[in-house]
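Sequence annotations record features per position, and here Swiss-Prot assigns intramembrane segment to 1-19 based on similarity to another entry. Positions annotated as GTP binding site by Swiss-Prot, on the basis of similarity to another entry: 29-35, 71-75, 130-133. Swiss-Prot lists 141 with the feature ubiquitin cross-link.
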């Protein structure tokens, strides 16, 4: 009986307290952006991902929060589109292949170049170091240092080490996004 009442209350709350947020997911190619979207949308991991050409848009509902995700291709020819799709969103999610140490400098430069754009000032950023299940992957502390995240002072910034394959820290990432959608409205 108590479970039924709880479910009814949740349903009733969802009628009046729906949250929506829009975010843009960017990062260098092969960092796991589309895989991340698939994992949070369906819980499914696939090794056979095709690189995103241009962009994909997907809506994911978690509880009473609907997240509209713009997944932008990471190839150099699409990086000029990043700023356009980051304007006006609730958050920017920047994905890094934490196991590919050769691309960390390029990834850092792209992130800082993007965040230097005046029209993106103040938009919170969630930096995700994906592929933590691989040997030699950077942990959160190393990512913060190598990506020079402490230099970013004009916005909220958060960093997590995740594995889409093992689904490590996906829940905490979603919690940050959902909490962020609620805090931006108040």
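Positions of Cβ are set from backbone N, Cα and C atoms, glycine also.
On the structure: features taken from Swiss-Prot.
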| residue | record | Cβ contacts under 8 Å, 6 or more apart |
| --- | --- | --- |
| 31 | GTP binding site | 74, 95, 96, 97, 107, 130 |
| 132 | GTP binding site | 98, 99, 139, 161, 162, 163, 166, 168, 169 |
| 141 | ubiquitin cross-link | none |
Densest Cβ neighbourhood among 29, 35, 130 (binding-site residues), 10 Å radius: 130
DSSP-derived class (H/G/I helix, E/B strand, else coil) of residue 141 (ubiquitin cross-link): helix
CB contacts for residue 33 (GTP binding site) [other CB atoms within 10 A, all chains]: 28
Residue 29 (GTP binding site): secondary structure state under DSSP, collapsed to three categories: coil
Number of other Cβ atoms within 10 Å of the Cβ of residue 72 (GTP binding site) across all protein chains: 22
Number of Cβ atoms other than its own within 10 Å, given for residue 74 (GTP binding site): 24
Secondary structure at residue 72 (GTP binding site), reduced by DSSP to three states: strand
